[in-house]
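J.: Starting off with a structure, shown below.
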Amino acid sequence: MSQVGSAGEGSNSMAAAPPPRLLLLVVLLLVPVSNAIYCEEDDCYDLLGVKQDANVSEIKKAYYKLSLKHHPDKNPDPESRKLFVKIANAYEILKDESTRGQYDYAIAHPEEVFYNTAQYYRAYYGHKTDPRAVLIGLLLIISAFQYLNQFGRYSKAIETVKQTPAYKNRLKALEFERTGGISSKKKGHKQMDKKVEEVLSNEVELQIQGVEKPSLWRLYGVQFILLPYSIGKVLSWKFCWFWRYRIKKLPYAWEDACYLTRMSLKIPANTWENIDDYRKENLVMKRLWEKNNMERYIAEMRKESKRRR
């Protein structure tokens, strides 16, 4: 019984393996493709009438001689025109050391079909691609996805805010303020509701935190284009800062003091804008960019946090 089981396993493995004749047929079908991508069914050397070890000078002379005979300006025969196209293609392949080396390798190793094909397309189409065009295309694609992502996140945040009780209560209060507390069931009432909701939506867009409104100026593509301007602006700002506060020892302007305070507290710009003026002034007056003041402020915040517990 064990012998029967072994025979069965052997027959299954033989059935799973592809027949040798099929593999041989596939290889024989693919091998001509390796050479055909260069000069189709012809041999590039035979088209120019030179040997495979011919030097560049001999190849140029052969091409010049054949062009005098088969060039469309010299010979109007349609068949001669077709032949000249093949001759010109063969010359383009053999005059360049790189493509000629790849062609010689394809002749010597016709079984490496996929490698030879990849080498051919890399040589003929890779160098024709302008890196600047690739970079611009890549930036456009990335910027498009970036904008869609920003728009999706912002729209989702707006819809989430609209479902909150605070938004609905504010909407009712604004409607009450507009209508004077008079409820109307006329046709224009729905239009009034839409206008009120639109006004409130604009207010929500200004006050929403955590998600910024989509902007073309924040896209990577736009930032890349404006990179020289941005670098110049930063360098100019740093120079002015150094000159004003390091050399001349002037007191900090209000905007610069706000900037130092915001950087010390690690507060994003949009969050800082939403802080009321009284709290801003209170924070700026503490001069938190100075180490001792910052340590004192942190200690006060910790005490306040413990007291509230």
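A Cβ is built for glycine as well, from the same backbone N, Cα and C atoms used for every other residue.
On a predicted model such as this, the values are computed, not experimentally measured, just so you know.
So Swiss-Prot lists these for the protein:
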SIGNAL    1-36  signal peptide
TOPO_DOM  37-130  topological domain 'Lumenal'
DOMAIN    43-107  domain 'J'
CARBOHYD  Asn55  N-linked glycosylation site
TRANSMEM  131-151  transmembrane segment
TOPO_DOM  152-219  topological domain 'Cytoplasmic'
TRANSMEM  220-242  transmembrane segment
TOPO_DOM  243-309  topological domain 'Lumenal'
J.: DSSP-wise, what's the residue breakdown of the topological domain 'Lumenal' (37-130) into helix, strand and coil?
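T.: DSSP composition of the topological domain 'Lumenal' (37-130): 67 helix, 0 strand, 27 coil.
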J.: With a Cβ cut-off under 8 Å, give me the same-chain residues at least six positions beyond the ends of the transmembrane segment (220-242) that come close to it.
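T.: Same-chain contacts beyond the ends: 139-140, 142-143, 146, 256.
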J.: Around the residue listed as 'N-linked glycosylation site', how many other C-beta atoms are within 10 angstroms of its C-beta?
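T.: Taking all protein chains shown, the residue listed as 'N-linked glycosylation site' has 9 Cβ neighbours within 10 Å.
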J.: For the topological domain 'Lumenal' (243-309), what does DSSP give as the number of helix, strand and coil residues?
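T.: Helix/strand/coil tally for the topological domain 'Lumenal' (243-309): 49 helix, 0 strand, 18 coil.
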